[in-house]
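Structure first, commentary second.
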C-alpha cells in the first residue's frame, strides 16, 4: 500500500487541475452581450443583431469571429469591423453588428471567438438561433387544389355508388368492423411500438409516428380501392364510419398513450378538422347519388371516366406534393424511410390478411387493406403543428410526409403488374369483364331512369 495513502489521490487531483487553472487565468475574460435574447429567422432570410463585448483584457489588434454549432442550420457574418481599436481597448467596450442567415429548419447556438496572434479564445455568452419555415403561397395553392379535386372525385364516387349495397354493408358490418379494428387498434399500437424502436432518443419523432397511426383513413383509400378492383361501396362505407369514429377513438389514444410518448406536448384534438373532412366526404357523395336520379346520362359518363380521373388525381397529388415539399427530403434518414415504409405497408398486410382469415372475398379484403393502410396524414400534420412549437412541428412532419410518400409505392407496383398482365393477354377477372359489359349496357340505355351505378357489379360486389 502507498505510504501516503490516501493523500496521493489529493495530490494527483491538484496536479491535474493546476494546468487547467493556469490556462483559464491566462485566457482573456470577455463577455458578449446580445441585444436580443434569441433569434428566430425564416429559411433563406436574414436577421441583424447588435452585440456588445466588454472586459478588461481587450488588446489592440484582437479580432472577433462568429461561429454557429451547426452551419447547416444558420451562419453568421459581421456587418461591421471586428478588430479592436485603441479607443475600444481604452474604454473596455466593443460594439458590433452582424447578420444571421437562416439556411434550414432547426435550432443552433452562436458563439463569439477571439483571435490574438495564433491563439484563439472563447468569449463568454451564447445566442440561441431558431430557423423556421415561412408560410408560402404554393402551400395554399396545393391544399386548395387538392381539396377541390378530391371533392370532384367523391362526386364521381357518388355517381358510382350502389346504395342498396351500402345498406347491406351497414346491416351486416363485418367488413367495417375489421376495418375499424385495424384502423383504431392495430395502427395506433404498431405506430406506438415502432416509434420507440426506431426513434429511442427522439420523443418528438415518436409523437409524429403516433399521430400518424391514430389518424383515420384517408380519402386516397377509396381511390386505390377502385383502381385495384376492390369493393368501392365497402370502402366508402368504411371511410365514412372511420372518420365518424375518429371523434371518439382519437381523444382516447391521444390522452392515454399520447402522454406517454411526449408528456410535454400540448395535445389538441382537431374536432373541427375532422368535422370538415366528414362534410367534405358526405356532401360530394350525396351530390353524386342525386345525379344518378336527376342526370343519369352525366352520371354514367362520370362513372366511365372514374378510373382515368382517379389515376390522374393521384399522380397530381404525388408530383405536386414532392415539388411543394422538396425541403423535407433533406431531413430524410434511414430511420425516417423505415418509419414511412412500416406504417402503411404493415397496415396493408394486416388489413388484407385479417380480412382473408375472416373469410372475406378478395375484393372486400382489398378495400379493408386500403382502409387500414392509407392514413389521413393531413390530420397528423395538423396535430403536430398544434402540439409542438416551431421548428419542431415542421421537423416532425417529416414522418407523416414520409408515410404519404411511401403509401402509394406498393399499390402502384401492383397496378403496373395488373396492366402488364393485361397486355400479355392474361384473362381479365370476372369483375372486370362484367364491369365492361355493364358500362356498354349503361351507355346504350341511358334514357332509362336507372341509376348508372346499379348496373355496375364492380360497385355492388358480394356482401361480407
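Backbone N, Cα and C atoms are what each Cβ position is placed from, and that goes for glycine too.
Lifted from TrEMBL, the feature list:
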SIGNAL    1-26  signal peptide
TRANSMEM  141-163  transmembrane segment
TRANSMEM  175-199  transmembrane segment
TRANSMEM  205-227  transmembrane segment
TRANSMEM  234-254  transmembrane segment
TRANSMEM  274-294  transmembrane segment
TRANSMEM  306-328  transmembrane segment
TRANSMEM  334-353  transmembrane segment
TRANSMEM  398-417  transmembrane segment
REGION    435-464  region 'Disordered'
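At the 8 Å Cβ cutoff, the transmembrane segment (234-254) and the transmembrane segment (398-417) share fewer than 3 close pairs (sequence separation 6 or more) and do not count as touching. Across 141-163, 205-227, 334-353, the stretch most heavily in contact with the transmembrane segment (274-294), judged by Cβ pairs under 8 Å, is 141-163.
With a cut-off of 8 Å on Cβ pairs spaced 6 or more residues apart, the transmembrane segment (306-328) and the transmembrane segment (334-353) reach fewer than 3 such pairs and are scored as not touching.
Tertiary proximity for the transmembrane segment (398-417) is limited to same-chain residues at least six positions away from its ends with a CB under 8 Å from its CB atoms, namely 205, 208-209, 211-212, 220, 224, 227-228, 314, 318, 321-322, 325, 328, 331-332, 336-337, 339-341, 343-345, 348, 370, 373-375, 377, 380-381, 384.
A Cβ distance under 8 Å defines the sequence-distant neighbours of the transmembrane segment (175-199), meaning residues of its chain 6+ beyond its ends; these are 169, 205-207, 209-210, 212-214, 216-217, 231, 234, 237-238, 241-242, 245-246, 249, 253, 257, 261, 335, 338-339, 342-343, 346-347, 350-351, 354-355, 358, 360, 364, 367-368, 371-372, 375, 464.
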